[in-house]
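What follows is a single structure, written as structure tokens, with notes after it.
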Amino acid sequence: MGLKARRAAGAAGGGGDGGGGGGGAANPAGGDAAAAGDEERKVGLAPGDVEQVTLALGAGADKDGTLLLEGGGRDEGQRRTPQGIGLLAKTPLSRPVKRNNAKYRRIQTLIYDALERPRGWALLYHALVFLIVLGCLILAVLTTFKEYETVSGDWLLLLETFAIFIFGAEFALRIWAAGCCCRYKGWRGRLKFARKPLCMLDIFVLIASVPVVAVGNQGNVLATSLRSLRFLQILRMLRMDRRGGTWKLLGSAICAHSKELITAWYIGFLTLILSSFLVYLVEKDVPEVDAQGEEMKEEFETYADALWWGLITLATIGYGDKTPKTWEGRLIAATFSLIGVSFFALPAGILGSGLALKVQEQHRQKHFEKRRKPAAELIQAAWRYYATNPNRIDLVATWRFYESVVSFPFFRKEQLEAASSQKLGLLDRVRLSNPRGSNTKGKLFTPLNVDAIEESPSKEPKPVGLNNKERFRTAFRMKAYAFWQSSEDAGTGDPMAEDRGYGNDFPIEDMIPTLKAAIRAVRILQFRLYKKKFKETLRPYDVKDVIEQYSAGHLDMLSRIKYLQTRIDMIFTPGPPSTPKHKKSQKGSAFTFPSQQSPRNEPYVARPSTSEIEDQSMMGKFVKVERQVQDMGKKLDFLVDMHMQHMERLQVQVTEYYPTKGTSSPAEAEKKEDNRYSDLKTIICNYSETGPPEPPYSFHQVTIDKVSPYGFFAHDPVNLPRGGPSSGKVQATPPSSATTYVERPTVLPILTLLDSRVSCHSQADLQGPYSDRISPRQRRSITRDSDTPLSLMSVNHEELERSPSGFSISQDRDDYVFGPNGGSSWMREKRYLAEGETDTDTDPFTPSGSMPLSSTGDGISDSVWTPSNKPI
């Protein structure tokens, strides 16, 4: 409805342009009424204002003309509507109805501060009131003298009359000015303020002073009795300290040292009672003798007399009306005086020191209170600096604040009256310059069209009534209206409104961002200024403040260090176990070998059992990582030992051969060596001495179908007899599916530690008539299974000896033996300890291979190893 009404108003204005002066009368009245009613709802104009707009604009009134006159009717419109158009926000700004009472409130606050919180010039008034009260008191004292009674009475009557008027007016002003406080607003708030103790004192003094002034200096009984009320003016001295600062200071000192005061008063009271009672017992039966020697009544006739004497004596007053007469009483009085006087005088010292400390604290507090205002200004400036960030489009409250503060005086009612008095033409004041038909989207306001002025009925050139400043204000107001219009129409605006405007050289789109940038710059400058002022107030008050700051910083540092140490202790120290070790369940735990027999457990490395809960502290994790690193070091040492063995180039000879058809002599084997078996490079060494063969049951035999056999046993498995080169012929055995053999140990001997008694046999003893059948692939298998050199990095023996774990492998191998069923097996191995090694550094404790079954008690020899399926 609003959009259609504005378009109808625009059409009506277009008709007025086309028809000149007479065309305005030809416009339909219904369109004008609709346009006027719509604009009245939009801009908040009163019906009288709408009539004034109609008379001023005629039938060609459009939206922009109404906007011009909205400035003139701004005050009346704001009084009649609770809402106004937001300047920088897209929503209407709610403005409550306010009276023009800023000056009234300012005066009220000023009077309240002068009477209740006097500072500066207000102290002069309170000093004058104090002199008036003091003068009344002095004159009241002089009236008691007969020689000054008449003169002082007359002056006292005049001064009291003046004081009554002063105090009455002051009390009325106090009641009225109390309305500036929220809790004292309204008549109920005023009654609450009047019930304050000091206000009640003022009322009582005023009521008591009025009868005294009324009766005057008459000599009747009533006037004489009422004159005694003049001394009630002493109570007016209490009103000098209306805020009670003195009493608050004394009360705070007493409360701060209440325990010391109670202790001193308690001990002093006990001393008073005890000394008075003892003196009464001694002096009660001693009569007083006058100068003539006559006996008088006793001085300490009652215990009350003794208490009076004790209080006057211990308070160091000493009237002398009562004194002990006997030496016993004097001795008691002297003893208790030395004790009691110190405790009676102690509260005075406590209060004096407490008051001094409180006064010093108040001075320091006043110095700190000076930081309150700069701190509040800094907080406010920091928030406005943050809220005016152009990227934060959701913060609109600060922009609304500037909308209420930054105001532009648009076309006021006085300006309209001045324009109407000059009898300027309608088109000269409000008609837009751009034609209706042009639908350009330009954002620049152009000056008023002179041609349109020439087309007016008067045909006389009129001066344009808008200067640059007014153009800027009009453009600013147009931008605010555009914001409001876009929010109301939900993004659908009047396309013709973009082409309308007053003469201005500034782009309309850049007007509001420019203003925001200026406000942003001002906020940055104010933030830096308030920050500088606040830093200036942070200067220490005196040397004690500096010492306190350093002490507070030191305590804070110690607390932080203690907290950090506690956190470190919590990290590195394991927590208490939830369940004792002797109560933990051992059910379901798998069998584990002892650490002395397991090849994967070192005896000197402490490891927790599987049943125990692992330590979850940082130190426990460090220990776990250290153990893993040690295991990795052992494995690396083992690999380095293997590398050293295989990189040594040895000249070994083959001691046996593998015949499959018949028998052949060693001479025939030598004859075929050069032409048939020269390319065979097998490394098989015998490190053991000759001896009786082991019984078959002492070997750990594994079936060949479960374990992959060696390359040269895969085709023709044979039995190699134990012995040297003269041990006889080799007898071939037929292959069997149940052939078993004993796998070699995974640990290889260190060749540099071989026994000097080892004998290497000739290579021809191992060669047979079918040795040429060995393929290169089988030859590689023989090389792998016969401990031939590996392609690893070369490490010398010195580096091996410097191994961090001292792990080395020093062992020999026995000769080949034959099993009962044709399988081959390794003989007993002899171990040798290298320099720097222990008995735990030998091959049973290497990190590869499984536990030998001999440790389980199965009757198998310790020299035999179980097959290892885990690669190194």
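Start at 1 and count along the chain as shown; that gives each residue its number.
Even glycines carry a Cβ here, placed using N, Cα and C.
Annotated compositional bias 'Gly residues' per Swiss-Prot: 11-25, in sequence order.
According to Swiss-Prot, the compositional bias 'Low complexity' annotation covers 26-36.
Swiss-Prot lists 587-600 (among others) with the feature compositional bias 'Polar residues'.
Residues annotated as compositional bias 'Polar residues' in Swiss-Prot: 843-872 (among others).
What Swiss-Prot lists as phosphothreonine is T81 (among others).
Shown in sequence order, the list is empty: the chain has no residue 6+ apart in sequence with a C-beta less than 8 angstroms from the C-beta of T246 (phosphothreonine). Annotation source Swiss-Prot lists phosphothreonine at T246 (among others).
As annotated by Swiss-Prot, region 'Disordered' applies to 1-43 (among others).
Summarising the annotation, Swiss-Prot assigns region 'Mediates interaction with calmodulin' to 356-537.
Per Swiss-Prot, region 'Disordered' is recorded for 575-611 (among others).
Taken from Swiss-Prot, the feature region 'Disordered' applies to 764-872 (among others).
Feature annotation from Swiss-Prot assigns motif 'Selectivity filter' to 316-321; the stated evidence is similarity to another entry. Outside the motif 'Selectivity filter' (316-321), and at least 6 residues removed from its termini, the chain residues within Cβ reach (under 8 Å) are 341, 344-345.
Cβ atoms under 8 Å from those of the transmembrane segment (121-143) belong to residues 113-115, 149, 152-153, 155-156, 159-160, 162-163, 166, 170, 227, 230-231, 233-234, 236-237, 240 of the same chain, restricted to positions at least 6 beyond its ends. Per Swiss-Prot, the feature transmembrane segment maps to 121-143 (among others); the stated evidence is similarity to another entry.
Residues or ranges marked as transmembrane segment in Swiss-Prot: 154-175 (among others). Counting same-chain residues at least six beyond the ends of the transmembrane segment (154-175), those with a Cβ under 8 angstroms from any Cβ of the stretch are 111-112, 115-116, 129, 132-133, 135-136, 139-140, 143, 190, 193-194, 199, 202-203, 205-206, 209-210, 212-213, 216-217, 230, 233, 236.
Per Swiss-Prot, transmembrane segment is recorded for 194-213 (among others), and the stated evidence type is similarity to another entry.
Per Swiss-Prot, transmembrane segment is recorded for 226-244 (among others).
Annotated transmembrane segment per Swiss-Prot: 257-282 (among others), in sequence order, evidence recorded as similarity to another entry.
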*Count up the helix, strand and coil residues in the motif 'Selectivity filter' (316-321) according to DSSP, in that order.*
0 helix, 0 strand, 6 coil
_Checking distant contacts: for the transmembrane segment (257-282), what same-chain residues at least six beyond its ends satisfy Cβ-Cβ under 8 A?_
300, 303, 305-307, 309-311, 314, 324, 326, 328-329, 332-333, 336-337, 339-340, 343-344, 346-347, 350-351, 353-354
*For the transmembrane segment (327-353), distant same-chain residues with Cβ under 8 A (at least six beyond the ends)*: 253-254, 257, 260-261, 264-265, 267-268, 271-272, 274-275, 278-279, 282-283, 286, 310, 313-316
_Can you work out which residues elsewhere in the same chain, 6+ from the ends of the transmembrane segment (194-213), have a Cβ less than 8 Å from its Cβ atoms?_
157, 160-161, 163-164, 167-168, 170-171, 174-175, 226-227, 229-230, 232-233, 235-236, 238-239, 242
